[in-house]
Amino acid sequence: MSEPVRVLVTGAAGQIAYSLLYSIGNGSVFGKDQPIILVLLDITPMMGVLDGVLMELQDCALPLLKDVIATDKEEVAFKDLDVAILVGSMPRREGMERKDLLKANVKIFKSQGAALDKYAKKSVKVIVVGNPANTNCLTASKSAPSIPKENFSCLTRLDHNRAKAQIALKLGVTANDVKNVIIWGNHSSTQYPDVNHAKVKLQGKEVGVYEALKDDSWLKGEFVTTVQQRGAAVIKARKLSSAMSAAKAICDHVRDIWFGTPEGEFVSMGVISDGNSYGVPDDLLYSFPVVIKNKTWKFVEGLPINDFSREKMDLTAKELTEEKETAFEFLSSA
């Protein structure tokens, strides 16, 4: 048996974590022979609920789960981590300005970034899920200067999976038959789901999605808005935000970091934009197409960008720049 991997999940008493923890514990993320130490962090008022989650994890009797630690203390939670999945954040309440939301979250992610810097392994992989995920991720990274900024990523895999699913549904194939969709930019309604480079398997042949669908107006219109607004649609229907699909996307994202992406396939994740060749300003946490090997991601280079895409990519970069500026005003005073 290999050494256990030490994995932190924050917001561990929440509903995304409730869908996520079992998958981590049963080997579907880090492999069927990889022991896990699971660390669960939440705020003090949630410790009662977290205790229930802890009991259930024990009752799952998972052979790979070597230990489960539930805590409300950052110095316990962040110690010696291999992987940190930061799900917990301040949710947007009704009547709350985005600015207020940013301010509350800067405080949380500044503190967690500092705790990573102080207690975690320098090789830790940090995945930020809590919204606004891109800017929260940048805040955490800036607050952890001794950890390489390439080790920080935020979740846009849910949007990526949503885009894949919409194309598959439209063509009557399974999501597995669709690959290389891209989410550019912010995990917000300005994100740009791009299928100009996506392929679909039809009758055993790989075809471009535009060619397969022959419906450009749907691809540039309804498809884009459906993916952008899918989160809101789930909330409207379920009265709760996406949890099962979010947890599945987190598993996909972390598994790909751990084991790499399949040959000829790329995935979307929010990463530091430094040195990209797509005209996105440096020092933004922006979602790009990446390939992953040896736990290290690289930009997919050389994809031609048309005018329609350019405009959408610039729009979401502008929003991220504004978010960053607002967050950094708070960061210096937080």
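Including glycine, each Cβ sits where the backbone N, Cα and C put it.
As written in TrEMBL, here are the features:
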ACT_SITE  H187  active site, proton acceptor
BINDING   D42, N105, V129, G130, N131  NAD(+) binding site
BINDING   R92, R98, N131, R162  substrate binding site
DOMAIN    5-152  domain 'Lactate/malate dehydrogenase N-terminal'
DOMAIN    156-330  domain 'Lactate/malate dehydrogenase C-terminal'
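For the pair formed by R92 (substrate binding site) and N105 (NAD(+) binding site), distance between Cα atoms is given as 10 Å, rounded to the nearest Å. Around R162 (substrate binding site), the same-chain residues six or more apart in sequence whose CB sits under 8 Å from its CB are P193, T226, V227, R230, S245, listed in sequence order. Cα of D42 (NAD(+) binding site) to Cα of R98 (substrate binding site): a span of 23 Å. Long-range Cβ neighbours of N105 (NAD(+) binding site) (same chain, at least 6 residues apart, Cβ-Cβ under 8 Å): S89, M90, G130, N131, P132, T135, N136, T139. Spacing of V129 (NAD(+) binding site) relative to H187 (active site, proton acceptor) is 10 Å (Cα to Cα, whole number).
Looking only at the domain 'Lactate/malate dehydrogenase C-terminal' (156-330), the predicted model's pLDDT averages out at 97. For the recorded positions D42, R98, G130, N131, H187, counting C-beta atoms within 10 A of each C-beta gives the highest total at H187. Rounded to a whole number, the C-alpha distance linking the residue listed as 'active site, proton acceptor' with R98 (substrate binding site) is 14 angstrom. The binding-site residues examined here are R92, V129; by Cβ neighbour count within 10 Å, the least packed of them is R92. In this structure the residues listed as binding NAD(+) are D42, N105, V129, G130, N131; their two most distant Cα atoms lie 16 Å apart.
When the record's substrate-binding residues R92, R98, N131, R162 are compared pairwise by CA position, the greatest distance found is 24 Å.
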